[in-house]
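What Swiss-Prot records for this protein:
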- G340, S341, G342, K343, T344, V345: ATP binding site (BINDING)
- C470, C473, C507, C510: Zn(2+) binding site (BINDING)
Amino acid sequence: MISESQGGLMSAFTTPPKFSGFIRRLVEEGYVNAQNMQQALEKAKKFKQDIVPYLIDNFSISPLTIAEIISLEFGEPLLDLGVFDPALFLKDKIDEKLIQKYRIMPLVHRGHVLYVATSNPTNIEAMDAIRFNSKLKVEPIIVEHDKLERLLSEHFVEETHFNFDTEELDLDVEVDPHTTDDDDEDDKLKDEAPIVKYINKLLIDAIRMSASDLHFEPYEKSYRVRYRVDGVLRLIATPPLQLATRLASRLKVMSQMDISEKRVPQDGRIKLKMSKSKTIDFRVNSLPTLFGEKIVLRILDPASAMLGIDALGYEPEQKALFMEALNKPQGMLLITGPTGSGKTVSLYTGLNILNTEHANISTAEDPVEINLEGVNQVNVNPKVGLTFAAALRSFLRQDPDIIMVGEIRDLETAEIAIKAAQTGHLVMSTLHTNNAAETLTRLRNMGVASFNIATSVNLVIAQRLARRLCSQCKRPIQVPERSLLEMGFTPEDLAQPEFQIFEPVGCHDCREGYKGRVGIYEVMKITPEISKIIMEDGNALEIAATAETLGFNNLRRSGLKKVMQGVTSLQEINRVTSE
C-alpha cells in the first residue's frame, strides 16, 4: 500500500513538466519532446547558454522555425536583417562586451527607446543588462539566430580570436618556407600568439561559413587559404609566404602530429571547443608538396549527424523506402556516391534512428568521423591488421543487431558483409559508384555471386549534394520550352500551373545566390523484378531501365523535381547530375 506522502513523491516524478511561451509551442508542435526539452533547459542553464542556440545546436530545429514560433508567440513580426543598412547599426549605444555576451544588435534609437535585434526576447537577463547600460527603454526585435550571428561576426571583433593582423608578426625574420631541417619549432610556437590567433580565427570563420574543408596551400611565390563552402572552393586569405612553415607547424601541433617529420603524409585530429556544450572536430591531413606542406582540415560537426531524416531532402516516397529498409531485421542497405556527397551523414542519420537501448550497433570506419553515443565505433587500421574485413569478423562474435561498414572495398569485406546480412543482421555500407544500378554490378565485378547480391541487398541509395538557392534573393526565369524538354522535363511538368524555375542572384545574406546544400537522391528498392535481372547477370542499363518502369526516380529526375520546387537551380543540377 502506498502512503499519501509516497504517492505525492511519485506524482512529482511522473507529472510532465510545464512549459510556457515559445518553449511550450515547440513541445506541443512536436519539435522536441517534453523530457528532452526539460533536459535542454537544465543543460543550457548549467552551461550559462541561451536556450535558442542550444536548441539549434543540439536538435534538428532550424533557426527560421524557432524565430517563426517566437514571432507567433509574441504577436510580433519576424524582421529581415537584410533591410537594414549595416553602416547605420548603433554599435556605440551599448558596451561591445554586452553585445558579444548576449548576442544582440542595436538597430534603432527613437526617443527614450532602443530597439535591439535578438533571437530570444525572453532572455530577461540580457534585456535588463542592456537597459541598465544604455539608460534607455529596450524593445526586442525578433530575428533569425543564424543571420544575427553572421551579422555580429562581420561587425565585431571577438577578443579571443578576431584581432589578428599579419602586421603583428615579425616578417623580417629569415624563414625558409621550404626548409626540411628539424628545428625546435615546438618551443617557438609557445611565443607565437599572433599565429595562434590567426589559426583560431580561420577555424572559427570556417565553422560560421558552414565550410566543409579548409585548405592551407604553399606555392613557390605565394600562400593561400581556401574554404570549401557548399561544395565549391573559395579563396579566403593570402598570408605572407614567410608564414608557410609556421602555419603548418601550428596546425600540426594542434592535431598532435610530429612537426619534425615533413617527408611523409600524416593524419591528425583537432578538437575545438565552441562553447561549454559544443565541440567541433577537425580531421587533419598533411601532404609534402614541392614547396612545403599542404594541410587540409575536414570539419566534423556532430550536429550534422543529428539533423534527422527530414532535413536531408528526401522526397516523401524516398523517405518511406529508406525507413522501410531501416526497419527490416536483416539485409543490406547500400549508399553510393562520390567523395563529399553526404554519404556519411546519411549513414549516421540511419544509425541515429536505429540507436536505441534494445539494439547492439557496431561500426567499422576509416576513420571514425563523428562519435555516436551508444554505438560501438571502431577505427580500422590496416597497418596492424585491423581491416574492414577483420573488424566485420569480430563484430559477428559480438552479438550484433546492426553493423555499419564505412566502405566495401574488396571481395573479402563484401562477402563477410553479405553473410552477415543473410544471417539476421542489418548491414549498412557505402561504395563509390555513379548510380544505384552500377552498385549492384560493382559487387558482382568484385566477385560476389549474383544470387547472394539478389537475396541480401534490400535498398540502394545513390546521392549527390546540390547548392540550395538563397530564399532571400532567388528570382524566376523564363526558359524556352524546347530547352526544358531537352533537359529532361516532361510535358506534364510544363503543364503544371505552378511550374516555375529560379536562378541565383546574390545578396548580403548569401553573397553568391546559394546558401546551404540539399541532397539529391536515387532510391532503388530491390524488387522481385530487379532481383531477377541480377540473378540473370543483367547489366546496369537493364537494372536502371527496370527501376524507371517501377517508378524509382534516377538522380537526374530527382534533381529536376528540386528545381521545380524552387530549391535549387538548373545550373546546379547540370553540375551534379548527368543528362
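Keep in mind that glycine also has a Cβ here, set from the backbone N, Cα and C atoms.
Swiss-Prot feature annotations superimposed on the structure.
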{"residue": "G340", "record": "ATP binding site", "DSSP class": "coil"}
{"residue": "V345", "record": "ATP binding site", "DSSP class": "helix"}
{"residue": "C470", "record": "Zn(2+) binding site", "DSSP class": "coil"}
{"residue": "C507", "record": "Zn(2+) binding site", "DSSP class": "coil"}
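Of the listed binding-site residues G340, G342, the Cβ environment within 10 Å is emptiest of other Cβ atoms at G340.
The Cα of C507 (Zn(2+) binding site) lies closest to that of S341, out of the binding-site residues S341, K343, T344, V345. Considering only the binding-site residues C470, C473, C510, no residue lies within 10 A of S341 (ATP binding site) on a C-alpha to C-alpha basis. When other Cβ atoms within 10 Å of the Cβ of K343 (ATP binding site) are tallied across all protein chains shown, the result is 24. Other Cβ atoms within 10 Å of the Cβ of T344 (ATP binding site), summed over all protein chains shown, number 18.
Across the structure, G342 (ATP binding site) and C510 (Zn(2+) binding site) place their CA atoms 22 angstrom apart.
When Cβ atoms from all protein chains are considered, those within 10 Å of C470 (Zn(2+) binding site) total 20, not counting its own. Each of the binding-site residues V345, C473, C507, C510 was scored by how many other Cβ atoms lie within 10 Å of its Cβ, and the smallest score goes to C507. Comparing Cα positions, C510 (Zn(2+) binding site) lies closest to G340 out of the binding-site residues G340, K343, V345. Between the C-alpha atoms of G340 (ATP binding site) and C470 (Zn(2+) binding site), the distance comes to 21 Å.
Distance from the CA of C473 (Zn(2+) binding site) to the CA of T344 (ATP binding site) is 31 Å. Here the Cβ of S341 (ATP binding site) has 21 other Cβ atoms within 10 Å, regardless of which shown protein chain they belong to. Apart from C470, C473, C507, C510, the Zn(2+) site neighbourhood in this chain, defined by C-beta within 8 angstroms of the site C-beta centre, holds S471, Q472, K474, P504, V505, G506, H508, D509, R511, E512, G513, Y514, K515. The ATP site is defined by G340, S341, G342, K343, T344, V345, and by the 8 Å test on Cβ atoms against their centroid, the other residues of the chain that qualify are G337, S346, Q463, L465.
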